[in-house]
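Quick one: the structure is below, and I'll ask about it shortly.
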Amino acid sequence: MISTYEPASKKIRHYSANACLLPICSLYGAAVTTVEGVGSTKTRVHPVQERLAKCHGSQCGFCTPGMVMSIYTLLRNHPEPTSEQMIAALAGNLCRCTGYRPILDACKTFCKESICCQRKTNEKCCLDQEDDLFDKEEKVSTRLFSTDEFQPLDPTQELIFPPELMRMAENQPKRTLSFHGERMTWISPVSLDELLDLKASYPKAPLLVGNTSVGPEMKFRGVFHPIVIAPARIPDLNVVKCLDDGLTLGAACSLSVVKDILTNAVVEFPEEKTKVFSAVLQQLRTLAGEQIRNMASLGGNIVSRKSTSDLNPILAASNCMLNLGEYVSAFRQAPRRENALPVTNAGMRVLFEEGTDTIKDLSIFYGGAVSTTVCAKQTCRTLIGRHWNKQMLDEACRLVLKEIALPGSDSGEKVDYKKTLIVSFFYRFFLEVSQSLKTMDPCHYPGIPMEYRSVLQDFKTKMPQSIQIYQAKPSQSPQDPVGRPVMHQSGIKHATGEAVYVDDLPSVDGELFLAVVTSSRAHAKIVSIDTSEALKGPGVFDIITAHDVPATNEFYYSDDPEIIFARNKVICVGQIVCAVVADSDDHAKQAAAKVKIEYEVLEPVILTIAEAIQHNSFFEPKRKLEQGNVDRAFETVDNIIEGEIHIGGQEHFYIETQSVLVVPKGEDKEMDVYVSTQHPAIIQEMVAASLGVPANRIMCHVKRVGGAFGGKLLKAGLLASVAAVAANKTSRAVRLILSRGDDMLITGGRHPFIGKYKVGFMKDGRIRAVDAKYYINGGCTPDESVLVAEVSLLKMDNAYKIPNLRCRAYACKTNLPSNTAFRGFGFPQSALVTETWITGVADKVGLSPEKIREINMYKENEQTHFKQKLDPQNLIRCWNECMEKSAYYSRKTAVNEFNKQNYWKKKGIAIVPMKFPFGLGTRYLSQAAALVHIYTDGSVLLTHGGIEMGQGIHTKMIQVASRELNIPMSCIHFCETSTTTVPNACASVGSAGTDVNGMAVKDACQTLMKRLQPIINKNPKGTWNDWIKEAFEQSVSLSATGYFRGYNENMDWEKGEGQPFTYFLYGAACSEVEINCLTGDHKNIRTDIVMDIGCSINPAVDIGQIEGAFVQGIGLYTMEELKYSPEGVLYTRGPDQYKIPAVCDIPEQFSVSLLSSSQNPYAIYASKGIGEAGLFLGCSVFFALRDAVTRVRNERGLKKTFALNSPLTAEQIRASCTDDFTEMVIGRWRGGSV
């Protein structure tokens, strides 16, 4: 939080800002408050920090300090904010773990309106109606936290603005400031004359106010400015004047200030004078997030954002001046409704001859379409004198398409979509103005049909309402924490910023920073590497290449190797060729940019699945499963459909990027490796192998991980090896923290997928035969690709019994960075293919998709297609309960009603079942160990092989130990996961962490209790401390290891049968959406999830996992789009281009219920492993969107079957809602001449 004092008005302004963009030089005279200043466990934890933690609003904790600062700053300005202000304050914050619901729960406790659901059932609020809703026998609970525990927010207790800064601002005359760094100079003038002189002396120096444009250019595009001029302190540029004919605003005013001024002006001025204000406000609401708007300046947005300025089109169109009888509007469409640059935006203005609908003047401006804001001048000239009617509309659209020529662009931008938006925006303006004319003179102007009016309202983000339902345990002893919503052990530390991640570790003496140099070619021979320029750079210590690896550089886990440094050739863009170590991160990066590599291109360059098929480029083995007689079944069915669906990849986007710190010990070749990973043992193994030392010299430590989702396994091992080789060569500690851009470029993610299917079924909807092929894009090395292909086959049936089935899977070898494990591991892709053909069958037989799902669902004890037994009763219970809780049929009727009354907006609803098999396929992969020490003061130290990455595993393990030892959780401490305490631990993957480590912890605790039992029997009234003291005096060992051998799982691929899984999780989700047919934008209205997760060990953690996975699924299926150049270079390399779900994307009503009285005999305390299953349920949103699009097409008489691919972005939705506007665009393209 930045606080500034304005002596003239005697006002203090607090605002939040992005630390990564904020130049220190711009903070002269300002007070800065960081999360540490807000509160800490040593002093006092602030109510914001406390509530965020106690409402379970932090999982991995890496994004939590940012959330705290956004909320805290809002509360400093508005101690009782509205929910709109709260939602706006968080629009610029991203979280990859929680799905935002618990964070918003914490926020609601500060808002002044009621936070109840406002749904009165039996005259009771949802929060009180627990007893009426459910069976009396089962006490059901809907509270995951208790508000009674919260300390009140007391604004008088906050830090004051430093008086010395106030005195400085009031007494010191403003003078020019200049700061000199190693490479650049910052000059901050105080008058316009001085600014003009500086600009004359340094014509190339940029003017920098908020650094939101220059900053990213310097950071991401390597642009360097030796001199920067910062005019923000010039009074004339911060002027705000209210005059009779409008407002005058200084160019250095921040967009937030502009927003506040315009909001007040709209209230104060008469309506005809504020039309431009309202249009500009419309754009400011969704332009960036609050933190960026607080820094970015009005002048900067106009001058530097070029084509993507959301303000230019509207300011240009309105000439910034207004008359009576004039209408002004602004439009934008972006990949995400908030905090995203626009695909296309527009500003339009029309002035009529007085009292008529004859156009006197017209301005149409577009942004985002080409490199600057463009005006459709000729179109506007041609239309002057026309009446505002259908003929004018038709002509305007054709003229504007002809006039605004879009270049075929290279960055994967879709030209057709932009063109469609250009005409759709004009049509929307036409509707708005027609409606306004009617309001002015209803006799002469008919306005627009009732069913068109809803499209005039844009989707707004509201504070979501949510409900979570789980079974309470009233009969349980109050001391037993199992089954209770216990707060995450590190929750408070996450919120105070005291939780330590790899890059928070203090610097080691003589530590070096490492920057990687990556390949710029997808497939090429390395001719030469010239490091001479790089070595001359300041602070550069050395350059590390494959020649410096003492032992293993290529790891052969299968036929093709995983590679640390490229040796003679590169096989993807982003492959590590060499690395620079220097005395600072900046010096290392600057030098890395100077390494020159000469390549000779090799053929073929294979990027796509289609190219891999063409070149027969696959990783072996290819896998196949078959049951029944598929060919015969196809001969006897009534009907057959065939099709294919493409599913794009997904970036992990863990908020903490790949991080490692390697510290050589100085003797016996020992090294401490602090690393952000899910699998310390593989890191130890790879680092030891690369250095040629035994594993017992490499100590790997993991305290916590800031999100992983499958992305911190092999890749983390290769990066740790890079750092270890550098540390070995230099005998210094080496720190490697990837930037977001490098992380996305180098590491790969979820496998892109093509599913081809042929399905045979009867008239009544029974599916008799399926033949499916899955191709996954594995990238350039094997990693886990074959395993992902296997899992996609084993789990492809989802919830359905398919009597005759043949499915095959191929892992394609391409020249993209190697794809790897990602939450769900093949299931989210293959099950989406299955649900796609389910809806295809429904379309064909004329039944609803939910009927086809019910007809084909597993019904009684059956076998899967690989002959494993299965009892689906909880699947059916989840389905029925989800139907009931979501009121599916009555809402479906309401959706039909809405769709009859609305033409340009449509709703869709879908319900999807899920069977998620749990297991890792082989016994040794699920073994686990734990180590428990009891000290003589009675305190317990616990460790195990699991990794805390947000899923609350340590919290659950302490709950387990607390129950087994029968002592409070507060007596038990978990320190870190380390290869020194638990050797050879398996990776924390596949939802199995709690299952297997819980068994090991339980085993260790039971061993200890067995030893203590004779002592307890002798003194049953004694305390825990008495018993421990006595045990020590009797020489009873107070330390024990626990062990779990793993689940007995196996799969025989030759026979196509086995028991690869131990048990099944079940679930169902119903989602409702609304789409805007003119833009393709959509809103998630409501989602109801029912999950069978056995007996939850910690319902707060488990519901958090379900919601977080579900929102990640929304990202996968509807938003997150990876784009590559034709040469295989990733374009989407950061949050600017790659959009993960934000607060605006979660359903407005979000309910999660855990299925009651479900037992699981196979896992600890009858629980089930929950980490991954929820992700697939995100596809209920995909199918609700499909439902909405289907309704649009049916209404318009479009009978042709249509395919929707994932992610189902606004662009695809718009293209599928075929109308006159898409036809105009496609006609021009396909016909070539119009």
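Cβ from N, Cα, C; glycine included.
Checked TrEMBL, it gives:
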type	residues	note
ACT_SITE	Glu1172	active site, proton acceptor
BINDING	Cys20	[2Fe-2S] cluster 1 binding site
BINDING	Cys60, Cys63, Cys95, Cys97	[2Fe-2S] cluster 2 binding site
BINDING	207-214, 297-301, Asp310, Arg332	FAD binding site
BINDING	Gln678, Phe709, Arg823, Gly990	Mo-molybdopterin binding site
BINDING	Phe825	substrate binding site
DOMAIN	179-411	domain 'FAD-binding PCMH-type'
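Looking at the shown structure, can you explain where the listed features end up?
Taking a C-beta cut-off of under 8 angstroms and a sequence separation of 6 or more, Glu1172 (active site, proton acceptor) has the following same-chain neighbours: Arg823, Gly824, Phe825, Phe827, Phe916, Gly990, Ser991, Ala1109.
Over all protein chains present, the Cβ of Cys20 ([2Fe-2S] cluster 1 binding site) has 10 other Cβ atoms lying within 10 Å.
With a cut-off of 8 Å between CB atoms and residues at least 6 apart in sequence, the same chain places Asn93, Leu94, Cys95, Arg96, Cys97, Ile655 near Cys63 ([2Fe-2S] cluster 2 binding site), listed in sequence order.
Of all Cβ atoms in the protein chains displayed, 28 besides its own lie within 10 Å of the Cβ of Arg332 (FAD binding site).
Residue environment of Arg823 (Mo-molybdopterin binding site) contains 27 other Cβ atoms, counted within 10 Å of its Cβ in all protein chains.
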Which whole number is the mean pLDDT over the domain 'FAD-binding PCMH-type' (179-411)?
90
Determine which residues of the same chain, besides Gln678, Phe709, Arg823, Gly990, have their CB within 8 A of the center of the CB atoms at the recorded Mo-molybdopterin site, and list them by sequence.
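Along the chain, the qualifying residues are Ala708, Gly710, Gly711, Ala821, Phe822, Phe825, Met949, Ser988, Val989, Ser991, Gly1171, Glu1172.
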Rank aside, I only need the closest one: which of the binding-site residues Cys20, Cys60, Phe709 has its C-alpha nearest to that of Leu207 (FAD binding site)?
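Result: the closest of the binding-site residues to Leu207 (FAD binding site) is Cys20.
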For the binding-site residues listed here (Asn211, Ser213, Ser297, Asn301), which one has the lowest count of neighbouring CB atoms within 10 Å of its own CB?
Ser213
Which residue among the binding-site residues Phe709, Phe825 has the fewest other Cβ atoms within 10 Å of its Cβ, if you could check?
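Checked Phe709, Phe825; of these binding-site residues, fewest Cβ neighbours within 10 Å: Phe825.
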Give the distance between the Cα atoms of Asn301 (FAD binding site) and Cys20 ([2Fe-2S] cluster 1 binding site), rounded to the nearest whole Å.
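Cα-Cα distance, Asn301 (FAD binding site) to Cys20 ([2Fe-2S] cluster 1 binding site): 19 Å.
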Going along the chain, which residues six or more apart from Cys60 ([2Fe-2S] cluster 2 binding site) have their CB under 8 A from its CB?
Arg96, Cys97, Tyr654, Ile655, Glu656, Arg704, Val705, Gly706, Gly707, Met949, Gly950
Of Asn211, Ser297, Arg332, Phe709, which is closest to Cys20 ([2Fe-2S] cluster 1 binding site) if I measure between C-alpha atoms? They're all binding-site residues.
Asn211
If I take the alpha carbons of Gln678 (Mo-molybdopterin binding site) and Asn211 (FAD binding site), what is the distance between them in whole Å?
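Cα to Cα, Gln678 (Mo-molybdopterin binding site) and Asn211 (FAD binding site) are separated by 36 Å.
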Which residues, same chain and not among Cys60, Cys63, Cys95, Cys97, have a CB within 8 angstroms of the centroid of the CB atoms at the recorded [2Fe-2S] cluster 2 site?
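For the [2Fe-2S] cluster 2 site, the extra neighbours are Ser58, Gln59, Gly61, Phe62, Thr64, Arg96, Thr98, Ile655, Gly706, Gly707, Gly950.
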For Gly299 (FAD binding site), just count the other CB atoms lying within 10 A of its CB, please.
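Taking every protein chain into account, the count is 18.
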Would you kindly give the Cα-Cα distance separating Phe709 (Mo-molybdopterin binding site) and Asn211 (FAD binding site), rounded to the nearest Å?
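Their Cα atoms are separated by 33 Å.
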